[in-house]
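Per TrEMBL, these features apply:
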type	residues	note
BINDING	GLY23, LEU24, ASP25, ASN26, ALA27, GLY28, LYS29, THR30, GLY68	GTP binding site
BINDING	THR30, THR46	Mg(2+) binding site
Amino acid sequence: MRQLIGKLMSTFRKQEHKVIIVGLDNAGKTSILYHLTNEVVPTCPTIRSNVEKIVWQKTHFFMWDIGGEEALRSSWNTYYSSAEVRRVPGLGGAV
C-alpha cells in the first residue's frame, strides 16, 4: 500500500490529490483505505463513502472509498470528475 502512495508521489507534484477507491461490493476497498491510515476498524458494507486525509511527506491525499453495492454503482461517475487515481480492487491495479 505504501508503494502505491510512493508511486503517486513520483507521478504528481501538486500538494493535494483526490484518490477514489472503487470496486465491487466486498472487494476490500474500506480495508485498503484504513490500512493506509494505519487504523484497524471493523467494517460493514459502505452505504455512501468513507473519506480520509492521508499526509505523506507534505502531500495531502484525500482518499474516497466508494460503496460498491449494485444500487450505488450508478453514482460512481459523480466522484470521478476531480479524481486523479482510481484503485479498482480485483481489476488489476490503479487506472
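One-based numbering along the chain as shown.
The backbone N, Cα and C atoms fix where each Cβ goes, and this holds for glycine too.
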Between ALA27 (GTP binding site) and THR46 (Mg(2+) binding site), what is the CA-CA distance rounded to a whole number of Å?
-> 11
Least buried by Cβ count (within 10 Å) of the binding-site residues THR30, THR46 = THR46
Euclidean distance between Cα atoms of GLY23 (GTP binding site) and THR46 (Mg(2+) binding site), Å | 12
The correct three-state DSSP answer for ASP25 (GTP binding site) is coil
Distance [Cα-Cα, Å, rounded] between THR30 (Mg(2+) binding site) and GLY68 (GTP binding site) | 10
In DSSP terms, helix, strand or coil for THR30 (Mg(2+) binding site)?
-> helix
Which number gives the other C-beta atoms within 10 angstroms of the C-beta of GLY23 (GTP binding site), all protein chains shown included?
-> 19
Name, in the order they occur in the sequence, the residues of the same chain whose CB lies under 8 A from the CB of GLY68 (GTP binding site) and which sit 6 or more residues away.
-> VAL22, GLY23, LEU24, ASP25, ASN26, ALA27, LYS29, THR46
Of all the binding-site residues here, ASP25, LYS29, which one's CB has the most other CB atoms within 10 A?
-> LYS29
